[in-house]
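A short worksheet on the structure shown next.
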Amino acid sequence: MATGIALVGPGAVGTTVAALLHKAGYSPLLCGHTPRAGIELRRDGADPIVVPGPVHTSPREVAGPVDVLILAVKATQNDAARPWLTRLCDERTVVAVLQNGVEQVEQVQPHCPSSAVVPAIVWCSAETQPQGWVRLRGEAALVVPTGPAAEQFAGLLRGAGATVDCDPDFTTAAWRKLLVNALAGFMVLSGRRSAMFRRDDVAALSRRYVAECLAVARAEGARLDDDVVDEVVRLVRSAPQDMGTSMLADRAAHRPLEWDLRNGVIVRKARAHGLATPISDVLVPLLAAASDGPG
C-alpha cells in the first residue's frame, strides 16, 4: 500500500481522485497554484466529500519523495509542474498522468526521468463550479496499461472505490478517448455546450471528423472498427444538453487551450503517415488562434 501520495493539480479530475482517496482513508498531499484550505467534490445524488488541505503552492513547502504522484494538471501546465515533480519524485515514485491525449509519457517523462510514468485515461464528467467545488455526474472510471507500476496505481484507486481497467491494448483505449476529446474543438469554436451535437448538420460534420481521426488512429496501431464513428457521435449527442468540457471552460476564461494534444496531434500523426486531414486543416489553426492569438 502506498504510504505517501501527492496530487498535483486539484482541478476537476484531480479533485475527483483526491476525494475518492480521502474517502478511503488516505491523506493525499495537495499541490496547486491557488492556496485553499481544502477541496470539495459533490457527486450528483451523493453527500459532498471535503478533502482537507491546505493546497500547497510552493514545492519548498513540502517534503518528498512520495510513493505515488498523481499529475492532474492540463498538459499545457506540464512545464509549470516540473518543480513539483523534481521535489516529490525519485526512482521509486510512480507518476500517474491523468491527462488527455496519446502523448502523456513523452511529455512528462523528461520532467521525472528516474520515475515510472503511467498514462491514465479518465472517463468522468467532472466540472469545476463558479463557487470552487467540483460537480461529478455519474461514476469515474480509469484505464491504464498493464505492468507493475500501472497495476500498483490501479490497486490504489480500486482500494478507494474507483473502477480501473488495466488494458493490454492501451493504444486502442487511448485513441478511442481521443476521438471523443477531439470533438470538443467544435464546442470551443461554437461557444456551445453538448446540446450543439443534436443538430443534424453538426452531427454529420462530427461523423466526417471522427472518421478522419479514425484513419490516423489506425495508422498509429489502434484497433478500432468503423462502428466507432457512430458510437462516438451517439455518445456526444446523448450527453446532457448542458454538459461542457474543460477546453470550453478554458476558452471562456481566456486560458491556453489543449488544442495541440487534442486536435493538433491528429495533424502531426497524419503527416507522418501521409494521410490527408481536410477538416483538421481548418479546425486546428482556428483553435490555435483562439488559444494563442494574436488579436
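Cβ coordinates come from backbone N, Cα and C, glycine included.
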(request) Name the residue, out of ALA120, ALA126, ALA288, that Swiss-Prot lists for the same NADP(+) site as PRO10, GLY11, ALA12, VAL13, HIS33, THR34, LYS74, TRP84, ASN100, ARG255, PRO256, LEU257, GLU258, please. (result) ALA126
(request) Using LYS74 (NADP(+) binding site) as the reference point, find which of the recorded positions LYS177, ASN181, SER246 has the shortest Cα-to-Cα distance to it. (result) SER246
(request) Taking the recorded substrate site as ASN100, ASN181, SER246, identify the other residues of that chain whose CB atom sits within 8 Å of the mean position of the site's CB atoms, giving them in sequence order. (result) GLN99, GLY101, ALA184, THR245, MET247, GLU258, LEU261, ARG262
(message) If you compare CA-to-CA distances from ARG255 (NADP(+) binding site) to each of the recorded positions LYS177, ASN181, SER246, which comes out shortest?
(response) SER246
(request) Report the member of HIS33, LYS74, LYS177, ARG255 (the recorded positions) whose C-beta atom has the most other C-beta atoms within 10 angstroms. (result) LYS74
(message) I need the CA-to-CA distance for PRO10 (NADP(+) binding site) versus SER246 (substrate binding site), whole Å please.
(response) 14
